[in-house]
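The block underneath contains the structure these notes are about, expressed in structure tokens.
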């Protein structure tokens, strides 16, 4: 039987004493947590361990003795350390001794109460107590049975060290009857700034919670559920982003303590994401209001809108002629061209009507950047949607007209074959038609077929323009989702303190010597950056359509409307 002893590397220079820790019977392993060195009273040690066990719910006991014979006066302690096994009854009793500055230690076990004591092979595993204490083991989710069992064994060791936090709060400066050596024995690791922030965060969170509850009550009020406001709230991406950030603030300001490491990391990721988002938004706002950039932007916006309108007029004039040498239906071509030219005229009038107020609108819109860069980007997306509303109208008109002709031709084609669409059963059934129906169907089919190229050309042109606007809006929302969902705190933690996100451990064999136990060094394997993103990625408010290329081409061919994104709970047309 092989006995594994996990020994903290910080205790390698501790004075002689006794080893306290946890014995894992299922794994035949002993996890050493600290060294109690002389002088001590055994009764006080047992009382102290009982208090620690009551608080931590971890079975902590005296595992054995530790002998560090670097001083001459400690050379006669070996017999005394062996006799301690009768006071602290633990089976097996582990004896670890270090001679001078030698890196090869002696490790043996005693089984005094066993009828047939036998020598056990011992493996000495060194581990960094601070890293194991502060880390959180993340075993892979898709492990096989054997690997999952190994992960559970490692989790028991990590959990033993992490739950013994109370044991590490005693350092050498405490005036108590027991002196311990562990990773914080030189002084408890703390920060005055962190403690002050913790104390100040309590009233700040209470005030923020009250404000957020007031805002949530306003958002849930019935006023916003009436038609115009509810429609704008569901369609404007700015409103969706503000609601998403409001939920994030509610999570951060909650006075409930995070029960798991995942919830704690989620709160930290949301806080860092909000902090960076607001910082970037303030930088953008300071850049906009410097050197009168708002005024320059307002002066540029009207000429750009006029230029886009002129380009559309030239495009329509080209379509009303003979585009690319194609022979179009002149009557339908002139009707569609004049219809769209009239809309462009209305659009130019609308832009010039708003021109005196554009600088003021942009000035107030720039102030919204203090709410975050994502809010400013969503406002930019909404402004693009408003400025290209005429292109959207052209696309809808062309798509509906093209869709009407496609479905009309498909229905008339079924008439030629003696078929019809059964609405109740949702299938194509046979049907007999009389001569008048076939004659009228033939006329309508011929008319629609010869008018289809003209309609298809307009639909194709306006669909390409719409797709251009959709791509720009999609890139903006992709950037917003990246800022919202990227776990920045976890990535920074992975970069600076990778041991905090442990995916597992690896054991490195150290230098060996005959007659000495096998020595291993346990090192922490951190999560990869991809695994960190997948594990701690934050949810976003928009979900992009998962249509395949075949489905997208089918929608384009049938003239169905395409949107850049769809909100949760909203179906595409």
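Glycine residues also receive a Cβ, built from the backbone N, Cα and C atoms like all the rest.
Taking TrEMBL as the reference, the stretch among 233-258, 389-414, 467-492, 493-518 described by the feature transmembrane segment is residues 467-492.
Record note: among 210-229, 270-289, 290-309, 310-329, 270-289 is the stretch given as transmembrane segment by TrEMBL. Taking residue pairs at least 6 apart in sequence, the transmembrane segment (437-461) and the transmembrane segment (270-289) share fewer than three C-beta contacts under 8 angstroms. Same-chain residues lying 6+ beyond the ends of the transmembrane segment (335-354) with a Cβ under 8 Å from its Cβ atoms: 302, 305-306, 309, 312-313, 316-317, 319-320, 361, 389-390, 393-394, 397, 454-455, 458.
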